[in-house]
Amino acid sequence: MANVVVVGAQWGDEGKGKIVDWLSEQADIVARFQGGHNAGHTLVINGETYKLALLPSGVLRPSKLAVIGNGVVFDPQAFLDEVERLTKQGVAISPENLRVAENVTLILPLHRELDALRENASKATSIGTTQRGIGPAYEDKVGRRAIRLMDLADIDTLPHKIERLLTHHNALRRGLGLSEFEAGAILKELTALAPRLLPYAETVWRLLDIKRREGKRILFEGAQGALLDVDHGTYPYVTSSNTVAAQAATGTGMGPGSVGYVLGICKAYTTRVGQGPFPTELDNEIGRKIGERGREFGTNTGRPRRCGWFDAVLVRQTVRTCGIHGLALTKLDILDGFDSIEVCVGYMLDGKEIDHLPAGEGAQARVVPIYETIEGWKEPTANARSWADLPAQAVKYVRRVEELVGCPIALLSTSPEREDTILVQNPFEA
């Protein structure tokens, strides 16, 4: 298959950044297709740490074209700040190697403020958003009142579009007892940003179609994880976009038949940030040990991640909803030294055994994991680059994961460094 889609197979933070960076060496184009600057990637290249939030990981590789698709919500200031920060680290970024869909929805200060107001209003209604305006921006997109990048090229019609947007937002603010936003201030800000943003604007669907017809390889980079999908995730503790693999087509303008091989990324254990159900969560010393070893803190927020054993039920479910062809298993080295390792193979719900996570919030909270115990290993897996480097028991663990989720392991990651990767099946050649 000429193209590859990379998606998180859990709740995000699975190590997609490293895998995308590793695969991007074989790709011509790396395209983001959903989310915003709420989901960060940390990449370690030759000892240098790079933190990305909005930009595709492909920007770190010279000669690759990076693309931000229409399915993304785009914060102009966050974009400019990230470009500036990476430029200071020696990364060359310009309209020559980075294009942004002209019809991408913009995140404005009013979106960030509304997000924070909702999240901080009550602990009872908090779902753990990053308060970066992602959800409110998607709401405006669906409500057909969003400001898009292309609108900055037509300053004459922009005031009308801002007024349409404020008809909604100022009504909300009046209800909250807050002062209203002024259209003139927003117009001034967007007018000032336009010359810095418009050089990146592109008709992305057309660009990608041309490149596809030329035989170029496209790598579609997802953010977050499939269990945060607004339809297929643990609703309402989800993000505001579709994070499953099918969104790669919708979020870039490519046809579904053009997406190609679907590679799911999952950790050898499970983590989650924020609120929501987590059947295998370990609120004990083992969970803290995994978190410390794995340095489980959010790239963007710094929030500690909740940690637990590998949940084969959830990953198997994601394999189905995303149509995953192969998995990349990351952070196997974090499990080094455990005498035994637990893997969730099913759930008990109200006295009955089930093989999937139910859609209802109440039922999700009541499921109890059924565990299978697997013998651990003492020898290190860290920095392994071939199957021969792995302890026999670690190989057995990987093989058992394959059996339980019904999907082969295509890649195995044993450290944050891009070279510490074991290739089983090349997604671009599958």
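Every residue gets a Cβ built from N, Cα and C, even glycine.
Lifted from Swiss-Prot, the feature list:
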- ASP13: active site, proton acceptor (ACT_SITE)
- HIS41: active site, proton donor (ACT_SITE)
- 12-18, 40-42, ARG305, 331-333, 413-415: GTP binding site (BINDING)
- ASP13, GLY40: Mg(2+) binding site (BINDING)
- THR299, ASN300, THR301, GLY302, ARG303, PRO304, ARG305: substrate binding site (BINDING)
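Within 10 Å of the C-beta of THR414 (GTP binding site) there are 26 other C-beta atoms, taking all protein chains into account. Using a 10 Å radius centred on the Cβ of ARG303 (substrate binding site) and all shown protein chains, the other Cβ atoms total 14. Between the C-alpha atoms of LEU332 (GTP binding site) and ASP13 (active site, proton acceptor), the distance comes to 14 Å. Look at PRO304 (substrate binding site): DSSP puts it in a strand.
Cβ neighbours of LYS18 (GTP binding site) (same chain, under 8 Å, six or more residues apart in sequence): LEU43, VAL44, THR330, SER413, PRO416, ARG418, THR421.
Most Cβ neighbours within 10 Å among the binding-site residues GLY15, GLY40, PRO304: this distinction goes to GLY15. Each of the binding-site residues GLY12, GLY302 was scored by other CB atoms within 10 A of its CB, and the lowest score goes to GLY302. Using a 10 Å Cβ-Cβ cutoff, ARG305 (substrate binding site) registers 22 neighbours. A distance of 8 Å separates the Cα atom of GLY15 (GTP binding site) from that of HIS41 (active site, proton donor). In the three-state DSSP assignment, the secondary structure recorded for LYS18 (GTP binding site) is helix. Cα to Cα, GLY12 (GTP binding site) and ARG305 (substrate binding site) are separated by 11 Å.
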